[in-house]
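TrEMBL annotations:
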- 74: active site, charge relay system (ACT_SITE)
- 105: active site, charge relay system (ACT_SITE)
- 314: active site, charge relay system (ACT_SITE)
- 65-359: domain 'Peptidase S8/S53' (DOMAIN)
- 1-24: signal peptide (SIGNAL)
- 397-418: transmembrane segment (TRANSMEM)
């Protein structure tokens, strides 16, 4: 990601702490079991390819997202001079308030949504005048505390679906009009994900007029998201699917976002599915430095395998969340359903495709005319959108961790892409 101008580093941070944020807490003791992510500074100061693909400069002539609150339910957001409207929303991982990000991911997501301009480069968030509410719900660096000497904790990672549901409710209580969730849990189709609470929370969010934008998920070799769905998954029976993705599969209560490259073509790692609504840039990603107060831009993370460029549907989703904020600022009377319908209707290049849904978002087209009235969505249950749930299996005592994000996921996606390129040579 690119270097920030020194003047931006001197900007005053207006860190507003949400009332009652202390009520958000992990349901069990946790501890940090992995090192925090380290980001790599970008050398270019040009606008990233994704910004140019979407013509954000033209979109900002219509709206900059003022007066809209966007909740980022993620790994936390570190205070940053280019995120002056940062609100602490609570912490379900540790004892903080949401303004701590060991994984770097939440800060990168927040930067894509709402980073302000700096004289030193051409990067700017999609909705630079929006307010970001940071709710830390997951972390690849934390795990539950061992209960005893023989209590094995496999790897690191914490973020139960139960707290994701609670975090959604909290975001709505904090007046978020847009909610970004760049996390996924993958299972085999038909396997229960225990997401009844999540479905209920998403239903409440829609009833309270919040737009919920989620990532479609990344194809990786070492997680449950390892099997790609068929290219005809947009219209094929649920039984043909190989991977089910939560919360993306809970569309139409959420708007699920796939990833495209700088040319607008589907990214190889973007998981297909009938739930994908639209697509946005997810490669060659640039955002603000995740280190607290870091005065530069970054475009990669350091991993055990080297440097991993930022890529993934988790970075495509905030482009759409930012667009939702732009629309809600320009057309404040538009309902959540109308905002989503506007984004989908003005996307182009998809038709209805399992990789990109209705196509790549078009911010200028979405902002040019007021969204027309639409009916509220049906409750998830359509055979095309939601795989049938089997009988609930015995409780293993292990929470389902929301994965596919942050430091580990960036490395996995990058290594998967590198492996594909080597195989092609």
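Note that Cβ sites are derived from N, Cα and C of the backbone, with glycine treated the same way.
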Cα-Cα distance linking residue 74 (active site, charge relay system) and residue 105 (active site, charge relay system), given in Å to the nearest integer: 7
Rounded inter-Cα distance in Å - residue 74 (active site, charge relay system), residue 314 (active site, charge relay system): 10
Three-class DSSP secondary structure - residue 314 (active site, charge relay system): helix
Other CB atoms within 10 A, centred on residue 314 (active site, charge relay system): 34
Neighbouring C-beta atoms (10 Å sphere around the C-beta of residue 105 (active site, charge relay system)): 33
Across the domain 'Peptidase S8/S53' (65-359), average pLDDT on the 0 to 100 scale: 91
